[in-house]
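Asks: Below are the structure tokens for one structure; questions will follow.
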Amino acid sequence: MPLVCLTDFQAHAREHLSKSTWDFIEGGADDCCTRDDNMAAFKKIRLRPRYLKDVSKVDMRTTIQGAEISAPICIAPTGFHRLAWPDGEMSTARAAQAASICYITSTYTSCSLEDIVAAAPRGLRWFQLYVHPDRQINKQIIQKVESLGFTALVITVDVPKVGNRRHDITNQVDLAKKLLLNDLRSPETVNSMPYFQMSPIDPSICWEDLSWFQSMTRLPIILKGILTKEDAELAVKHNVHGIIVSNHGGRQLDEVPASIDALTEVVAAVKGKVEVYLDGGIRTGNDVLKALALGAKCVFVGRPILWGLACKGEHGVKEVLDILKSEFHTSMTLTGCRSVAEINQDLIQFSRL
């Protein structure tokens, strides 16, 4: 049977992956309230279509940080793609390049950055950074990604420590034994322990440290993990170039707002001074439309990319992206939007259910 929606890929991927790998990909923190709310919150929003408009031509193109993409649907940073497919992030990068959208490569990639770039040399790529306690290692990573043609630095801010992921504890997941992270090892441990195993994320990182990162690179800096207007205002004050409204797919602090519920106050707080993006819970083209109507410039998709990868590798990722793009095109057409610029808050209402 053909796979016709993202939940079809989800079911198919579950059959292909080991229990521990599936639990690692799907698991959230604690009771998984936020993970599940990310999707449920979209269903509380209804669409208000406008008819008798000429929608014979619908243009999904937009820009992020000045670069054109074919649709406002891009790939969020997720780690360890080789858990899902042998070619890992190389397959993901090729699919993103073919779709003419952006792929944010994770710090915890299971392929070398050189191999990822070689696999998709024309792709639009950003790099997601987990801040290491050693400033010199951060500097080396930033210089490397800049030299390899990554065009933005995405700093994840919601992981001063890893969330309480019960499935991984139960399954005794030790990714370091499964995968060697080729790029991200400190020099003295190249022949011994993988970087992921021995390198903690810096819990001391604070707003004042952003100036140091800005001094290290010419790349635009985007903060991933903002959920409140207070932090959004501080991000603008500290001259970042973008914000990804995100709760880490519900994998960090449980019982925080769904990403789509946090989006409105962040968009209002930045007052158009920086671009705002969203990840978390995107499963349909309608979801994409709702996020854009509430002020997101673009959405980033996480788990469904891994589902596609687990099913069919590069071709599976391409199919997932094609489904979302096709659904989004239909959503635009049926609500009377001829371009992304026409998507606005008048198209939605919040359900009382």
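Here the Cβ of each residue, glycine as well, is placed from N, Cα and C on the backbone.
According to TrEMBL, the protein carries these features:
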- H248: active site, proton acceptor (ACT_SITE)
- 77-79, S106, Q128, Y130, T156, K224, S246, 279-283, 302-303: FMN binding site (BINDING)
- R165, H248, R251: glyoxylate binding site (BINDING)
- 1-353: domain 'FMN hydroxy acid dehydrogenase' (DOMAIN)
Asks: Same chain, not part of R165, H248, R251: whose C-beta falls within 8 angstroms of the C-beta centre of the glyoxylate site? Give them in sequence order.
Replies: G27, G28, A29, R35, V162, G163, G249, G250, Q252
Asks: Give the maximum pairwise CA distance in Å, whole number, for the residues R165, H248, R251 listed as binding glyoxylate.
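Replies: The span, Cα to Cα at its widest, is 12 Å.
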Asks: Would you mind checking how many other C-beta atoms are within 10 angstroms of the C-beta on I282 (FMN binding site)?
Replies: 28
Asks: Near the residue listed as 'active site, proton acceptor' in space, meaning Cα within 10 angstroms, which of the binding-site residues do we find among Q128, T156, G280, I282?
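Replies: If one measures from the Cα of the residue listed as 'active site, proton acceptor', the binding-site residues that come within 10 Å are T156, G280.
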Asks: Taking the Cβ of H248 (active site, proton acceptor) as the centre, how many other Cβ atoms fall within a 10 Å radius?
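Replies: If we count other Cβ atoms within 10 Å of H248 (active site, proton acceptor), we arrive at 24.
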Asks: Run through the Cβ atoms and count how many others sit within 10 Å of the one on S246 (FMN binding site).
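Replies: 26, counting other Cβ atoms within 10 Å of S246 (FMN binding site).
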Asks: Between I282 (FMN binding site) and R251 (glyoxylate binding site), what is the CA-CA distance rounded to a whole number of Å?
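Replies: With distance taken Cα to Cα, R251 (glyoxylate binding site) is 15 Å from I282 (FMN binding site).
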Asks: When a 10 Å sphere is centred on the Cβ of G79 (FMN binding site), how many other Cβ atoms does it contain?
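Replies: I count 23 other Cβ atoms within 10 Å of it.
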Asks: What Cα-Cα separation, expressed in whole Å, is found between G280 (FMN binding site) and R251 (glyoxylate binding site)?
Replies: 10
Asks: Within the domain 'FMN hydroxy acid dehydrogenase' (1-353), what mean pLDDT does the predicted structure show?
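Replies: The predicted confidence over the domain 'FMN hydroxy acid dehydrogenase' (1-353), as a mean pLDDT, is 92.
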Asks: Using C-alpha atoms only, work out the spacing between Q128 (FMN binding site) and R165 (glyoxylate binding site) and round it to an integer in Å.
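Replies: One finds 21 Å between the Cα atoms of these residues.
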